[in-house]
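One structure is given below, encoded as structure tokens.
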Amino acid sequence: MKMAKSANEIGFITCLVVFLVLTGQSNGMSNGMPRTVPCIEGRILWNRTLPCSSILCGDHCVPHGYRAGTCDIVNDRAICKCSRCR
């Protein structure tokens, strides 16, 4: 009887460990390192019909690892291009 009880406890602990490992990976437990998009010179951050300015574009480019951004109007669309990788 004692042997069966300890075998059940080992099985329960094994299942618990497997469950924690699987749920930890699916919930992003491995997100310790941030995923960064490689810095590509001239990357288009957004392309939209709203008006834009180079200041607004630059404010959006800085958190993505760039030093500046420029706003160009092409075919009545505002295109924000990031430049000067950090």
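Quick reminder: no glycine exception, Cβ is built from N, Cα and C everywhere.
According to Swiss-Prot, C80 forms a disulfide bond with C57, chosen from C57, C61, C85. Per Swiss-Prot, the residue from C39, C82, C85 that shares a disulphide bond with C61 is C82. If you go by Swiss-Prot, C71 shares a disulfide bond with C52, out of C52, C85. Listed disulfide-bonded residues: C52, C61, C82. The one with the lowest count of other Cβ atoms within 10 Å of its Cβ is C52. For the disulfide-bonded residues C71, C82, C85, a Cα to Cα distance of within 10 angstroms from C57 (disulfide bond) holds for C71, C82.
Proximity note: of the listed disulfide-bonded residues (C61, C80, C85), C80 have a CA within 10 Å of the CA of C52 (disulfide bond), given in sequence order.
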